[in-house]
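**Q** If you scroll down you'll find the structure; I have some questions about it.
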């Protein structure tokens, strides 16, 4: 370490030095002793260039993966590519090159960029969903669903994108009726499509959201619940009488007994059966067989009934309004409707036996439409035979490969590829299914392939899945919190039902990161976005700006980064200017990972100056140790020396507990950085004698560097090497530090057994006092022991008085903090008055200020 000042060039030098020495990031499947941690970030579409959103999500997952490794876990932190889809296909067509070539070129570019940012992915498990070795198993999953009656084909009125020439799911159409991808006005079209019967799992998927094993799902549970809906009824597929393109009609009812009292079926004018686009009429030549009564039900086209939410069919029973509607449409009804002969349970059972429904579901939930009419997707492994109908491709013939020698030719027009023999009757004039699968199918199970990425015999080893699933921490954007999570949960529930997974829920803990927002500028008069160079900021605080050329007022906004808004920032440019570790720290600092991050250079100095302070601290430490004369021996400790050493002991334990909590439990990594900065400040307050001879100074510095390593691996690696090789360093074996190893071979700092940790006591949720308990005893606390301990403290007894305790809750975060909340009888509280805890003003203060006002009780060993 030759320079006292940390320059940008020095950052780049040390990052190049440590680029390939940042620790082993491979998961060891043979190691069953260490606890497993499966940390997964949602894999990206290979566009060819990283954006800030990518960098943020992978920085978060990488920091957590490195944290778990330092805590002795065997960590699986894989990376792959969600590589099928329209963007690659369209880009390849424009450039007249195969989509496969275009995609793999982009993958190569993005992988280089990810490696520049020191993400500790297990690259040995890398795959792309467009590789036959992967989509062979996506096809296998489809065949499993098909054989279990969960994949089927039927006519449907679909959303058609006239530009991209493919079907869109409802969720891929925006509020203005335009395609999410091309922006074209979506058309309605009748096509024969493939569906997956996700509605059969509606109730288990809804109930699964109450699984106590789910952590930090928060408002995602609400989004999932809203999507699924309350399963307050049942859907049934009733067969149509006669020859129709549609073989059945779906009806929903909250009371299955109504099927025995049905008079007719009403359909909305937009229903597919209404080919003549009529209204308020009896539909001719269309009737429905009621399998529960053997009656034939007529069909009426009308808007005069209250259709269940999301439905265009209505099961009409014998109400007066329904009879009047029937009369109006010229339908003669029977005079007397027989009483139901079956219970709802019996009707549901019959429906399940006949395979015509009977599963609890909301009226609005629909099966998953997976058909796409484009080239770049997983082929559906079905052969259509004139004699046998749809026939699954035999498993030994998988994968059904995409043609690699064509550019932009739809599968439906590729006659050579379409021709196939029937696997059942061996007719030669059969045709392959030309639809490909929605890319959501590829990503509905990718987290399982990472467990066993190169298995050629099966999708994944079930024994390995039982050991490694569920995913411990899943990091990704909120835009995937409904559909992707819903489909992935469906597949996991399905595979769990087949005994292949240990739990139905695939993701234990969610960390839904916020977007990185860029500053955009719009001319107020016309809404045009202009680049920052064309803007003059008049008053930053007042949000006032003008266009330089015209002087027109400009609106300043924080919006999602986009080229069209001129507010994007290339992360590689920031990397080149400030270094990889600074970029990572900037993205993690200031705001919680779950919050949006407004990208502003005004926030940079805090992180850059912290790096400089750490560098200067290490420089001064080595200088002080180098100037020690070993022949004179260590000086006798003075009271001041001892006092400062104790302060460093206290600061190391206090800030380590805080940083650990925010890494392990809250995932508030920005607060973790604040805790580490607090430790830096405590270290830098040490007087020269402590810097030269202090054992606690050295331990505090070591803890500081180890805790920094998950976020800034290059910088921490260099600081650790400088610490470990410092002259006249105190040899502290008791601290558990491996001075002969890198920072990545260390263990996360532990709290000393004598250090007092906080057990916060609350009454009806209001903080009352804090019990300080030595860590050794603290970490062994049980609910009952903590309650007994609290009720032996005279100040707490006085606070509670004679009010009876109803319940109590206890949460222990080992080596960090604990909370004991007691609920008092509300009536008794009102009669005796609320215990004096804090004033209204104190409740508005920050947590740290609150605790200063609380009574602190020290509890001995």
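Glycine is treated like the rest: Cβ placed from N, Cα and C.
Automatic prediction, not curation, is the source of TrEMBL annotations.
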**Q** If you look at how TrEMBL annotates this chain, which of 798-829, 830-861 comes out as region 'Disordered'?
**A** 830-861
**Q** Among 34-208, 560-590, 699-758, which stretch has the highest count of C-beta pairs below 8 Å with the domain 'Aminoacyl-tRNA synthetase class Ia' (365-525)?
**A** 34-208
**Q** Under DSSP, the domain 'Methionyl/Valyl/Leucyl/Isoleucyl-tRNA synthetase anticodon-binding' (699-758) has how many residues in helix, strand and coil?
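**A** In the domain 'Methionyl/Valyl/Leucyl/Isoleucyl-tRNA synthetase anticodon-binding' (699-758), the DSSP-based counts are 28 helix, 3 strand, 29 coil.
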**Q** If you average the pLDDT over the domain 'Aminoacyl-tRNA synthetase class Ia' (34-208), what number do you get?
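**A** Across the domain 'Aminoacyl-tRNA synthetase class Ia' (34-208), the average pLDDT comes out at 93.
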